[in-house]
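A.B. asks: Pasting the feature list from Swiss-Prot:
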type	residues	note
ACT_SITE	C283	active site, nucleophile
ACT_SITE	H639	active site, proton acceptor
BINDING	C4, H6, C76, C79	Zn(2+) 1 binding site
BINDING	C26, C29, C46, H53	Zn(2+) 2 binding site
BINDING	C38, C41, H57, H63	Zn(2+) 3 binding site
DOMAIN	274-652	domain 'USP'
REGION	184-230	region 'Disordered'
ZN_FING	2-99	zinc finger
Amino acid sequence: MDKCKHVGRLRLAQDHSILNPQKWHCVDCNTTESVWACLSCSHVACGRYIEEHALRHFQDSKHPLALEVNELYVFCYLCDDYVLNDNTTGDLKLLRSTLSAIKSQNYDCTTRSGRTLRSMVTADDSFISHEGAQAFLQNEDRAFTALWHRRHALLGKVFRSWFALTPKGKQRLEEERLREVAEQKREEARKRRQQLKRKLKEEMESTPPRKSSRLKQQMQPSPKTELPSVQKMNQKYTPTTKQKPPAPTSIEVCLKKIGNSPIKRKPTVTPGVTGLRNLGNTCYMNSILQILSHLHVFRECFLQLDLNQTQELLAAAGSGKTRLSSKYPPSAVLPKVTQKHTKVQRSLARRQSFSSGLSGGASNSRNMELIQPKEPSSKHISLCHELHTLFQVMWSGKWALVSPFAMLHSVWRLIPAFRGYAQQDAQEFLCELLDKVQQELETTGTRYPTLIPASQRKLIKQVLNIVNNIFHGQLLSQVTCLACDHKSNTIEPFWDLSLEFPERYHFNGKETASQRPCLLTEMLAKFTETEALEGKIYACDQCNTKRRKFSSKPVVLTEAQKQLMVCRLPQVLRLHLKRFRWSGRNHREKIGVHVRFDQMLNMEPYCCRESTAALRADCFIYDLSSVVMHHGKGFGSGHYTAFCYNPEGGNG
């Protein structure tokens, strides 16, 4: 509506929570899709097409005006319409300008009074470099992790006490009691044997020396008579005053013992099950980091490789300081990775012991409290180093939640396209991140190779080989001339397969056929199906063999058909679903149809038989590792979540 009378009464607070990107999520369900901020208080909630938490806030508080955080339009609940006007002080215009500046991290625009928006923030990077905000969220991470520990500890204590009351629990309790009694008896027998040996030794030392060797031999007991003498002495010197009382048999005492005992208790935080805090529309980054950390080969590479000290060494060499530090830590060398395709098995993901913290294991890593939450202090920013430290935190078994400030800061500096708090595409971020990591490894390995230890150079080379080949596959593009049946083959590399939906899902009508779930195998079949090229547009080499290269005769164009097939499978297969269709001339909308897929995928029907004939049947089987899901109806806004298989916990 053109004029809303409720806008004139608006008095916007200067310290509104909407100015903090970390608050751009629903306080009730934590979604970042369709987030509305109340303009009368600091409440932020989701819209009516999600869980209606913003509408419920209006019904409870009677605050009529709310602003959509991403699209920046204002809605009045009392007028039940969108608001186009502003108040006399122009607060809505200023608020929109401020939010746009925060998203793009560009504070050079001016307000109506001529002041720049830079004065509204404390540093160039706004909240990402604000030490107070970082410290506040770091304390929240600690509090959340402590609460997680306490809840799981209390829950485990309750379930252990409850299990002891069941018939199976009583049976197990009795078995444990018998084992403890048997262990107690074995311990007492061991102590008696030690006491007997000590007394025999004291008697032998107190015996006066003999001059005759014959008498010395007589004093030495023979092996045949040693066992009876030990048995007699065992009976003679059995202690009777230090016997322990029998184990308690009362069920109440045993229940108390089980409830309070921390023995054999599993770690409260499963390694890898560490949440990444949304720092302001950063769900695209968090979801990608989660799936990369759950790829066993990729994770182990960056857990062993840390380029921070290497880059500092190269920087010192570039400035003239070429002296090699003797304190440089040697790096472990990864096993050589072959180019042969191997499926991603769960048995491969049974990583070596890296547990520490809650599980009671010792940790040789650095202090986890200071690794990731703070932004990098070094002038030489390294994405490999940030992946190294972040994976250490996520797989330490200590943290239930961590704020990846340093990772976001590095992404902003090294990938400017993702700078700011605007919503981004997760697929594009994954491609850019892998590209930057690859460039960093190549640059580090080739600059001043004599200054880098041989073990570190070898490790960098192997990690670069894994990063380049873990997602790398090859496609066979085959064009068949319909005039002479000649086939032209071209090998093309790929790092992911972009799959389109079948034609029935590209119509705007609400037919029942288009609403049925789509199968992933159906989308793969469409990707590899034969496609007829429109018209006579193909210049066949076979049909033009008799024509000279510089002849004046026109090139013979024929009809043809094209087909894509996989000729080399990657170690990790990435499938990208193209969920958009054109509605009208220039409008795109999302295809919200559910896609069904199994836990295992057989890629043999979609491969070129000539290229993959030598492979075994199990080489075509892939196990599901991770899924990144986009929630939302449009492309301009939404929320990303990641579902990953965790080998430590046995589930996602």
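Cβ atoms are placed via backbone N, Cα and C, with glycine included.
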A.B. asks: Let me spell it out: for each of the binding-site residues (C4, C79), count the other Cβ atoms within 10 Å of that residue's Cβ, using every protein chain shown. Which one has the most?
C.D. replies: C4
A.B. asks: Tell me, how many other CB atoms lie within 10 A of the CB of the residue listed as 'active site, proton acceptor', whichever protein chain they belong to?
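C.D. replies: For the residue listed as 'active site, proton acceptor', the 10 Å Cβ neighbour count is 25.
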A.B. asks: Given the binding-site residues C26, C41, C46, H57, C76, find the one whose Cα is closest in space to the Cα of C283 (active site, nucleophile).
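C.D. replies: Of all the candidates listed, C26 is nearest in space.
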A.B. asks: Taking all residues of the zinc finger (2-99) together, what is their mean pLDDT?
C.D. replies: 85
A.B. asks: How big is the gap, in Å, between the Cα of C4 (Zn(2+) 1 binding site) and that of C46 (Zn(2+) 2 binding site), rounded to a whole number?
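C.D. replies: Their Cα atoms are separated by 22 Å.
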A.B. asks: So if I draw a 10 Å sphere around the Cβ of C41 (Zn(2+) 3 binding site), how many other Cβ atoms end up inside it?
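C.D. replies: Its Cβ has 13 other Cβ atoms within 10 Å.
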A.B. asks: How many Å lie between the Cα of C46 (Zn(2+) 2 binding site) and the Cα of C76 (Zn(2+) 1 binding site)?
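C.D. replies: That comes out at 15 Å between the alpha carbons.
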A.B. asks: For H639 (active site, proton acceptor) and C38 (Zn(2+) 3 binding site), determine the Cα separation and express it in whole Å.
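C.D. replies: That separation, Cα to Cα, works out to 20 Å.
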A.B. asks: Whole-number Å only: compute the distance from the Cα of C26 (Zn(2+) 2 binding site) to the Cα of C38 (Zn(2+) 3 binding site).
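C.D. replies: The separation of the Cα atoms works out to 11 Å.
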A.B. asks: Residues with Cβ closer than 8 Å to the Cβ of C38 (Zn(2+) 3 binding site), same chain and 6+ apart in sequence?
C.D. replies: V44, A45, A54, H57, F58, S61, H63, L65, A66
A.B. asks: Hey, which of the recorded positions C26, C29, C46, C76, C283 is the loneliest by Cβ count within 10 Å?
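C.D. replies: Checked C26, C29, C46, C76, C283; of these recorded positions, fewest Cβ neighbours within 10 Å: C29.
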A.B. asks: Let me know the DSSP-derived helix, strand or coil state of H53 (Zn(2+) 2 binding site), please.
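C.D. replies: For H53 (Zn(2+) 2 binding site) - judged by DSSP and reduced to three states - the answer is helix.
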A.B. asks: How would DSSP class C38 (Zn(2+) 3 binding site) in three states?
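C.D. replies: DSSP call for C38 (Zn(2+) 3 binding site): strand.
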A.B. asks: Just the number: how many Å between the Cα atoms of C41 (Zn(2+) 3 binding site) and C76 (Zn(2+) 1 binding site)?
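C.D. replies: Here the two Cα atoms lie 15 Å apart.
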